[in-house]
Amino acid sequence: MPSLLITILLLNIVIYVINTIGAATIDSLLWLFYIKLPTGTSHMAREQRRLKREVIQLKREMNATSSQDEFAKWAKLRRRHDKALETYEAKNNELTQCKSSFDMTVKSVRWAATSGLMLFLQFWYSKRPIFTLPPGWIPWQVQWVLSFPRAPMGTVSIQIWGGACATVVALVGDAVGATMGFVSASKKEGMKVGAGVGEKEGKKSQ
């Protein structure tokens, strides 16, 4: 069943990418995108940012005003600051609650679309082989392991295929990451060497 074979492979790739980038990072990016949409939450976020700027501005004006020489002005600024701060804290708490609900929804959807879907497929297709091995190609003991837990003997089960995909994807991903890190480090080292040579030539010319 090629479609199931590819589906399991793609699911493992998606899960690896999510784990590599970090679920918290992805949640933060999705939240930033969400509050840019024309929704009530985006309006709330804009109002929260406006109130924050107002509180900071009033705080600066208070600090720049002497409470002794200009007490009336300072007291007025203090009242405005306290009122703005109270409004900001209320709006910020409301936005925090919205973000918590958003994060919970995103986590639920992400789990259902990745790990949850993987578990469902492994349960639903536990008796269906991913592909069949050539007869007599490997010992029956190995065939039993590859067909574990419920696939027919001489085939590869979805559980074994999923585990193999996860291992290969992790190895390839780690290898790509290590290669990119090595190339990046080599470029930085080359730039340092070039800069050092340029400084030496500059000193010689002087």
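Cβ coordinates come from backbone N, Cα and C, glycine included.
The coiled coil annotation in Swiss-Prot covers 42-99.
Swiss-Prot lists 1-4 (among others) with the feature topological domain 'Lumenal', giving sequence analysis as the kind of evidence.
Sequence annotations record features per position, and here Swiss-Prot assigns topological domain 'Cytoplasmic' to 25-110 (among others).
The topological domain 'Lumenal' annotation in Swiss-Prot covers 132-155 (among others). Through the fold, the topological domain 'Lumenal' (132-155) approaches residues 126 of its own chain, all at least 6 residues removed from its boundaries and within a Cβ separation under 8 Å.
Annotated topological domain 'Cytoplasmic' per Swiss-Prot: 173-206 (among others), in sequence order.
Taken from Swiss-Prot, the feature transmembrane segment covers 5-24 (among others).
If you look at the transmembrane segment (111-131), the same-chain residues 6 or more away from its ends with a CB under 8 A from one of its CBs are 1, 4-5, 7-8, 11-12, 14-15, 18, 147, 149-152, 155-162. Positions annotated as transmembrane segment by Swiss-Prot: 111-131 (among others).
Under the heading transmembrane segment, Swiss-Prot lists 156-172 (among others).
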Sequence-remote contacts (6 or more beyond its ends) of the transmembrane segment (5-24), Cβ cut-off under 8 Å?
107, 110, 114-115, 117-118, 121, 130-131, 158, 161-162, 165-166, 169-170, 173, 177
Give me the DSSP three-state residue breakdown of the topological domain 'Cytoplasmic' (25-110), ordered helix, strand, coil.
75 helix, 0 strand, 11 coil
Would you list the DSSP helix, strand and coil counts for the residues of the topological domain 'Lumenal' (132-155)?
7 helix, 2 strand, 15 coil
